[in-house]
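Just below is one structure, and these are the notes that go with it.
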Amino acid sequence: MALLSANSTAAVNSSDTRMAGCLLIGIPGLEHLHIWLSIPLCTMYIAALGGNGILICVILSQSSLHEPMYIFLSMLASADVLLSTSTMPKALANFWLGSSHISFNGCLTQMFFIHFLFVADSAVLLAMAFDRYVAICSPLRYATILTSTVIGKIAAATLTRSFVIMFPSIFLLKRLHYCRINIIAHTFCEHMGIARLSCSDISINVWYGLAAALLSTGLDIILIAVSYIHILRAVFRLPSQDARSKALSTCSSHVCVILLFYIPALFSVFAYRFGGRRIPRYVHILLANLYVVIPPMLNPIIYGARTKQILEGAKEMFSNLTKESK
């Protein structure tokens, strides 16, 4: 019996278990609450889809909103919808139907799109910071700097950078040898979660993941901070309090979205790195799931509530739809 067990273990260790796929077990330690947790997650996901969908339609349908600031906002909304959609349907299927199995290539695909869209989200926030920098520091040159051609190049650069940074991770994971039962203690696939399933040395994956984070999100945070330092310097040089308040109010929504995007991400990273043993694993996974639905849900609300042009555009769009239905 012992010999049979040893032979089975040796067979597993010598074979490649990628063909068997992966099992996403959800939130370990909270399996009994999966159904209850799915209710707020599903509600927030639907709200994110509805809110961002309406925001995109308003911006596309109203010619008065065809300006760089709102075009970047529609790009952010699109990335938010895709980011939440790359994770939530599978997580909800797991919670409701126990559909935990995913093929290995499917897992890699999900991992790629999650990280790709996160990097793209960060790049769009940087583009929006640049937009505010030009609008406040060089208002007379705003229309000549942020032309439709430049906006198109920024969009292309955003997608290209995200692809270049994340595409190698697929090959870095495929080169590894997988000899264990591929159980992932999460609701979705992510780079290091897959790498830890392997029996190979994953040092390159660890360093690549760190470098990718620093060269994308880390660099974006630095450039956004530099932009806002210049913005604040320009604002405080304005002669009147009213002018300063008006200038700052144009940045308030963007600052809220930046904080909503980066603070939970940084907290999750540092909590995982330095508080991994003190903070239960289910807390990390629950935060990761909330992170892909809460910012996408709140971003349209923040911009809709604080931006007069979007509110007026939404009223006009719904008014036109009501007239057409009659």
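Cβ coordinates come from backbone N, Cα and C, glycine included.
What TrEMBL says about a protein is an automatic prediction, not a curated fact.
Within its own chain, the transmembrane segment (33-58) has Cβ neighbours under 8 Å at 26-27, 65, 73-74, 77-78, 80-81, 84-85, 88, 91-92, 94-96, 286, 289-290, 293-294, 296-297, 299-301, 303-304, 310, 313-314, 317, counting only residues six or more beyond its boundaries. If you look up TrEMBL, you'll see 33-58 (among others) marked as transmembrane segment.
Under the heading domain 'G-protein coupled receptors family 1 profile', TrEMBL lists 51-303.
Residues of the same chain lying 6 or more positions beyond the ends of the transmembrane segment (70-88) and with a Cβ under 8 Å from any Cβ of it are 41-42, 45, 48-49, 52-53, 55-56, 59-60, 110, 113-114, 117-118, 120-121, 124-125, 127-128, 131, 151, 155, 158, 187-188, 257, 289, 292-293, 295-296, 299-300, 303, 309-310. Among the features that TrEMBL reports, transmembrane segment is placed at 70-88 (among others).
If one looks beyond the transmembrane segment (108-130) by at least 6 residues along the same chain, the residues whose Cβ comes under 8 Å of a Cβ in the stretch are 69, 72-73, 75-76, 79-80, 82-83, 86-87, 90, 102, 154, 157-159, 161-163, 165-167, 169-170, 173-174, 188-191, 194, 212, 216-217, 220, 223-224, 227-228, 254, 257-258, 261, 265, 292. Per TrEMBL, the feature transmembrane segment maps to 108-130 (among others).
For 142-167 (among others), the entry in TrEMBL reads transmembrane segment. Residues 68, 71-72, 75, 112, 115-117, 119-120, 123-124, 127, 131, 134-135, 212, 215-216 of the same chain lie 6 or more positions beyond the ends of the transmembrane segment (142-167) yet place their CB under 8 Å from a CB of it.
According to TrEMBL, the transmembrane segment annotation covers 206-226 (among others).
According to TrEMBL, the transmembrane segment annotation covers 247-270 (among others).
Feature annotation from TrEMBL assigns transmembrane segment to 282-305 (among others). Away from its own ends, the transmembrane segment (282-305) comes close to residues 27-30, 37, 41, 44-45, 47-48, 51-52, 54-55, 73, 76-77, 80-81, 83-84, 86-88, 91, 114, 185-188, 253, 256-257, 260-261, 264-265, 267-268, 271-272, 276, 311, 314 of its chain (Cβ-Cβ under 8 Å, at least six residues beyond either end).
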